[in-house]
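K.L.:
The following block contains the structure, expressed as structure tokens.
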């Protein structure tokens with residue numbers, strides 16, 4: 001499909017995160033620091049899992065994918081945001097905008113599904129430990145990973161394909177720091193009813209089905225943990241789930257707050273703040289929460305560092 005034929009607008013202007021010039025530079029350094037931590041944390045975790053054979057288990061396989069997704073979709077958003085803080089005008093071409101929209105939707109959907117698969121993995125590990133090796137075999141893990149990325153692709157193409165059908169006439173100022181769905185719909189000079197329906201269906205599915213699956217998984221997990229007689233055993237089981245619960249709550253909560261509401265309830269400025277959490281903050285938190293609180297990762301990291309120091 002020729003992107004240019006579906007719109008009279010050849011480029012968009014991004015308003016950015018804030019209009020107050022006096023805080024642009026401090027925000028630039030703040031988000032630059034966050035992005036550096038995000039890249040270092042996720043690249044480090046991906047590398048560590050890849051190099052250590054004892055971490056080649058289903059739990060770390062999905063953590064590997066989560067870190068890869070976080071690294072990618074943070075890189076789709078944050079570099080352009082950083083440029084917007086220090087340059088004017090903040091323009092982005094129509095083709096680049098649609099490309100950013102596609103990959104943003106793709107990686108956000110993939111994150112939803114990976115977090116869901118990780119909840120299922122914890123359910124099998126805690127509730128059905130004797131069947132864990134068979135249930136979460138390498139073939140099953142690979143199949144689940146394929147489902148994650150194929151499902152994300154379908155959702156991303158649904159959003160982007162519908163957006164490409166819209167016409168943008170004169171208005172080209174996006175009240176956001178990126179090419180997100182809702183601010184783009186506000187600029188269209190043609191009907192957006194189909195797009196809004198697709199948003200409700202796809203986002204509702206991406207949030208509703210994973211949320212329900214995670215809730216059901218943790219209901220069974222909690223019941224199993226409460227049946228553990230050992231205090232140490234219960235504590236260990238809770239610790240393996242607490243990190244996942246925190247990330248899921250922040251990610252799904254901010255996503256639902258942004259998209260699953262009538263447009264009159266939430267202003268776009270408030271929506272931008274919500275979007276910051278799951279596009280910028282969550283990818284930074286995930287490697288910190290999941291890995292640096294994990295004893296196996298700490299041990300693997302210490303071994304790698306000691307080898308470099310004494311080699």
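Cβ coordinates are placed from backbone N, Cα and C, and glycine is handled just like the others.
Please treat TrEMBL annotations as automatic predictions, because they have not gone through curation.
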K.L.:
For the record in TrEMBL, which of the ranges 101-120, 161-180 is the transmembrane segment one?
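P.N.:
Checked against TrEMBL: transmembrane segment maps to 101-120.
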K.L.:
Looking at 5-26, 27-48, I want to know which stretch TrEMBL calls transmembrane segment.
P.N.:
27-48
